[in-house]
Amino acid sequence: MRTIIALETHDVRFPTSRELDGSDAMNPDPDYSAAYVVLRTDGAEDLAGYGLVFTIGRGNDVQTAAVAALAEHVVGLSVDKVIADLGAFARRLTNDSQLRWLGPEKGVMHMAIGAVINAAWDLAARAANKPLWRFIAELTPEQLVDTIDFRYLSDALTRDEALAILRDAQPQRAARTATLIEQGYPAYTTSPGWLGYSDEKLVRLAKEAVADGFRTIKLKVGANVQDDIRRCRLARAAIGPDIAMAVDANQRWDVGPAIDWMRQLAEFDIAWIEEPTSPDDVLGHAAIRQGITPVPVSTGEHTQNRVVFKQLLQAGAVDLIQIDAARVGGVNENLAILLLAAKFGVRVFPHAGGVGLCELVQHLAMADFVAITGKMEDRAIEFVDHLHQHFLDPVRIQHGRYLAPEVPGFSAEMHPASIAEFSYPDGRFWVEDLAASKAKA
């Protein structure tokens with residue numbers, strides 16, 4: 001019998017703030033980081049499962065400690081039993097009678113639980129010798145719904161409704177898989193649009209994005225309206241009228257200012273405004289959507305669980321949503337969110353602006369195409385061109401599209417050398433960086 005013998009964690013941080021990669025109106029100096037987890041087993045060929053929580057620097061130690069605190073809940077479990085019932089494994093963590101007090105199902109502990117759940121899915125896909133998107137897409141509708149906790153959802157999506165959606169898609173799975181492998185999945189890029197970039201860098205990267213085949217770019221906005229008008233004008237001139245341009249305020253505004261600000265940017269034919277206000281403010285998003293029609297409104301990367309997504313959809317507060325592979329309770333909760341979006345007919349544009357997020361969320365979007373909606377040409381996965389070299393199975397982008405992963409698992413495994421180099425504070429990079437700072441002082 002194979003057994004989980006250890007839960008291993010690493011606080012991994014990359015100095016992205018040095019070049020202002022990832023900078024936006026609320027987060028001007030992010031150091032992209034990961035609370036990285038490995039589920040070690042005594043299975044053959046060093047079988048293991050990998051997962052992570054994305055953070056932006058300070059606090060990553062807190063997030064890593066939360067992941068480590070889950071060791072007693074998973075070490076000693078049978079690998080085969082975990083794989084056979086990933087729904088029960090997830091509920092073992094999310095429904096713990098004492099851990100729930102730290103949420104319930106939100107915040108640092110919920111993200112930690114999500115990382116461990118994702119590592120279990122990675123383990124299952126590796127054991128099946130399949131990339132995760134294919135592993136999910138080849139589960140039966142009954143197996144898929146068994147992974148989902150429908151508590152708090154039944155007023156919007158029942159188990160029977162979810163089964164009907166999945167069963168309706170089942171006859172097309174083989175054809176959709178072939179299409180995905182042949183064509184890839186559409187991507188959009190945020191790489192030109194970080195707020196700290198110079199105008200020259202913005203224009204250069206926007207033109208490069210179009211040349212690389214991207215049909216949508218996204219700019220960060222929200223710090224200064226005149227700067228945003230200038231940057232949007234430069235970007236629109238660089239990409240031309242036929243390329244879509246979205247903007248992202250990263251929760252910077254109250255409701256009234258969001259409406260006023262977006263009315264001033266409307267001339268640039270905005271594809272959507274992302275995170276205009278607090279991710280918890282369902283009614284605020286609804287008011288903004290009403291106030292800036294026809295500009296679409298989006299949120300989701302900080303939406304903390306399936307319940308808030310349900311409310312956003314029920315309230316008609318959004319035109320599209322972002323899912324995030326590492327924000328909610330793992331694959332299980334993201335499957336619930338994808339099915340909710342399908343029920344309400346709302347498009348999903350997954351969030352991937354962070355270390356490892358492109359690698360992870362591509363699997364969820366592709367599984368959605370094959371097993372749930374059959375749609376991808378009216379949506380896209382975010383792409384940022386940072387830090388992929390640190391992963392054993394990095395994303396592959398060709399002509400503005402994600403190519404379907406072929407390597408078994410969730411694409412979450414990092415190179416051991418990268419972990420050794422960038423572990424905080426004892427990795428070689430950070431030791432040398434601290435020494436250099438002391439020398440300058």
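Heads up, the Cβ atoms here are built off N, Cα and C, so glycines get one too.
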Candidate from Glu72, Glu182, Glu382 that Swiss-Prot assigns to the same substrate site as Gly22, Ser23, Asp24, Tyr32, Lys218, Asn250, Glu274, Glu301, His351, Ala352, Gly353: Glu382
Per Swiss-Prot, member of Asp242, Asp248, Asp254 binding Mg(2+) alongside Glu274, Glu301: Asp248
Binding-site residues: Asp248, Glu274, Glu301 - member with fewest neighbouring CB atoms within 10 Å: Glu301
Cβ-Cβ neighbours of His351 (substrate binding site) (radius 10 Å): 29
Secondary structure of Glu274 (substrate binding site) (DSSP, helix/strand/coil): strand
Glu301 (Mg(2+) binding site) - helix vs strand vs coil (DSSP): coil
